[in-house]
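*Asks:* Below, the features straight out of TrEMBL:
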- B:57-77: transmembrane segment (TRANSMEM)
- B:98-121: transmembrane segment (TRANSMEM)
- B:141-160: transmembrane segment (TRANSMEM)
- B:169-190: transmembrane segment (TRANSMEM)
- B:210-232: transmembrane segment (TRANSMEM)
- B:244-266: transmembrane segment (TRANSMEM)
- B:297-319: transmembrane segment (TRANSMEM)
- B:340-362: transmembrane segment (TRANSMEM)
- B:368-393: transmembrane segment (TRANSMEM)
- B:405-426: transmembrane segment (TRANSMEM)
- B:432-451: transmembrane segment (TRANSMEM)
Amino acid sequence: MSPAEAGSIGGRQPQAVRSALAVLEVVAAAGVGVTAKEISTELRIPPATTYRLLNLLVAEEYLVRLPDLRGFALGRRAANLAPAPLAIPTAARTVMDALRGRVRWGAHLAGFVGHRIVFLDPDPDHPPADPEELTRHPHATALGRLLLAEHEEHLPHGSLTRLTPATLVDRTELRLRLAEIAQTGVARQCGEFRADYGCLAVGVRAPGDDRLVAGLALTGAAARVATAGDEIVEVLRAHAAELAPLLA
Amino acid sequence: MRGVPVLRARSPVAGLRRRSLGPFGVLAQSVATTAPAGAMAAVPLLVAADAGRDAPWSVAVAAVLVGLVVACIAVFARRMAAAGGLYSFTAKGLGAGGAFACAVSVVVGYGLLVAAALVGASWYARALVERAWADVAGDTTLIGVAVIVVLAGAIAACAVRGIRLAGRVMLVIEGFSIALILTVLVVLAVRSGGSGSAPPVPDSSGFGGVAAGVLPAVAAFIGFDSATALGVEARRPFATVPRAVSVTAVGAALLYLTATVVHLAAPGVLPALTVAGTLGGSGPIALGAWAPLLLDAGIIASFSACTLAALNTLVRVLFSLAREGVAPALLGRTHRRHQTPAAAVAVTVPVLAAAPVVGTLAGVPPQALLGGLLAVSAVGFLAAYLMVCLAAPRFLARIGELTRGVVVVAGVAVPALAAVVVVALVTATGPLLPVVVGALVLAGVVGWFGLRRARPEALAGMGVYDETTTADVHTGSAR
């Protein structure tokens, strides 16, 4: 919404905002599949108003309609309101420790929550970059590109920030790179986020539906990343496969 | 609470570039298909021929009718995002029979709209050449054919390259031509001060005249629904698609009303300017040589954007039908890199370009060719709109969200649209239109029974859309 539209709240708008929040709360409490009629009855809001609020919340993606088109559930955007706790099973930590024992790189495990990148298990010996910064500039990072290759809608609008002289800021070229990542499954970045560092990342996918849930990344000197061969990629892939059933 | 429906991991319309198109791209699709720039120059003449000085009333009645259709389309567009547009919506209210009938109507409507717009662009390009180089240009038939072939190739490339690029191209073209035509019209109307060489528009011919004028006025709106086929690709489809449809309808209504009022005030301007007018050609003498050339350029641009936009919608409808198994599976293939229904583009463009090329080479006057194609196309669109309006209240009743307002809207819109279709068929000059429409209806019925025998499960599964998948639902667990 533009600032002009949202400028002032008057008339019956406060009531509408309250009702919209109440609808969100009811859907969260009732669980997946609650219908418009049930919400209207529960909140004693007139049906026509309820339908309008529901359509608005669906349009804003706080709610989703289920495939039968009558039931509702919380959408992914609702996740931003209450971020999930970032705990991973001990078994996953063991896999990460094994990886760190095998390679002389910084090894990090990062989760994707909507468009956000959050570290689930950062390497204590090689602290990674600030996750907020990674989230803001997905075009320049290996983890961000993994996410963009699958969800191009998370690409920031407007011009892409040139963080270093090497940063890829041309959208067409970036799109080609993303298509390549979608094909090979490996994202790479050499000195595009910080001039002297590089990163190599592969996706961790849910075993059932192949959904991208996390990224496994190795960081090191830019020159090392540029010359890293298939061998190291295979090690990464093997550990990502081990992590998959533990995270989904 | 009833059982929770099973969520799929993968959307049934996977293959298109999901959730990537911004609000302007979505709006551009509807605006370009409607091609208000081209229609603005023709509508006042056509409507005034029936309604005389009451022409603005005919346009207003048509706008209200279109508004009712927009309301019914919004019922669906706020709730589901489909690549098949209107027919996918109809499936959710009327079942397989209604969906199939609507699919046939939409394919006929959009297919012939592409062909008609190709003819339109070629016709105005010929007129432009004849005006600009009157002494050297002899027979311009070959120029007309060349325009069709080049334009068809260009829109095929744009359609495969992606909706993003296509949207930007269309918005620029259409905005340019609307501004151009509006400027030319108003400037000339003010300058000529109503003292054109043409006789003034005849007085009102009463209620019957206004009613007769509604048909060409409604026909000028067709295509405003085309953003509904971008449900899968729009970034926030439930917000942007209904908005694009209504903004296009309202904008077109305002432009047509303005053009009609200007025409009544200065009746000499439009006929002298366009080849569609009765005086086509005398314009340069009365008004200076630049205006008709500019107007032609604007109309050519508008027709070109219309071909591209209508093609975009047509291939997505075919893609959706193919994914359901109703159309051949080949049409459901997408381009791997651009993620567009490339196979459908490759199949349809040559067919749609062939008809205008053959017609032009055979010496059919472009005006007749354009009129004929548009008339059949318009009947297809009107039938599809009628079915969506019929489906809206039934759909809402099915999901338990029916309100009185929608019942009233559909109750007015359905008989009104039916009346417009009947008027179109009855008042057509010559038997060609009723015969062609009859043949298409027959082909549709044969196709329906053939499919019901060969692939009943495909018909039962009609109406696929971009369903909520497991990835869209927030379950509260760490991901």
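Even glycines carry a Cβ here, placed using N, Cα and C.
Automatic, uncurated: that is what TrEMBL annotation is.
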*Asks:* Using a Cβ-Cβ cut-off of under 8 Å, list the residues of the same chain that are 6+ residues beyond the ends of the transmembrane segment (B:432-451) and lie near it.
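*Replies:* Contacts of the transmembrane segment (B:432-451) (Cβ under 8 Å, skipping residues fewer than 6 from its ends): 97, 100-101, 104, 108, 326, 372, 375-376, 379-380, 424-425, 458-459.
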*Asks:* Which range out of B:57-77, B:98-121, B:210-232, B:297-319, B:405-426 gives the transmembrane segment (B:244-266) the most CB pairs under 8 Å?
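*Replies:* Most contacts with the transmembrane segment (B:244-266): B:57-77.
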*Asks:* How about long-range neighbours of the transmembrane segment (B:210-232): same chain, 6 or more residues beyond its ends, C-beta under 8 Å?
*Replies:* 11, 13, 16, 18-19, 21, 25-27, 29-30, 33-36, 39, 42-43, 46-48, 50-51, 54-55, 57-59, 61-63, 65-66, 69-70, 73, 76-77, 80-86, 89, 109-110, 113, 163, 204, 240-241, 244-245, 248-249, 252-253, 256, 306, 309-310, 312-313, 316-317, 374, 377-378, 381-382, 384-385, 420, 423-424, 427, 465-466
*Asks:* Test of understanding: applying the rule of at least three C-beta pairs under 8 Å (pairs 6 or more apart in sequence), is the transmembrane segment (B:297-319) touching the transmembrane segment (B:57-77)?
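*Replies:* Between the transmembrane segment (B:57-77) and the transmembrane segment (B:297-319), contact is absent.
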*Asks:* Count the Cβ pairs between the transmembrane segment (B:141-160) and the transmembrane segment (B:297-319) that lie under 8 angstroms and are 6 or more residues apart in sequence, then report whether there are at least 3.
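*Replies:* Contact between the transmembrane segment (B:141-160) and the transmembrane segment (B:297-319): present.
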*Asks:* Below 8 Å between Cβ atoms, which of the listed ranges B:98-121, B:297-319, B:368-393 makes the most pairs with the transmembrane segment (B:169-190)?
*Replies:* B:297-319
*Asks:* What same-chain residues lie close to the transmembrane segment (B:297-319): Cβ under 8 Å, and 6 or more beyond its ends?
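*Replies:* The answer is 13, 15-16, 28-30, 32-38, 41, 83-85, 87, 103, 106-107, 110-111, 113-114, 117-118, 120-121, 124-125, 128, 151-152, 154-156, 158-159, 163, 166, 169-170, 173-174, 176-178, 180-181, 184, 223, 226, 229-230, 274, 327, 331-332, 334, 340-341, 344-345, 347-349, 352.
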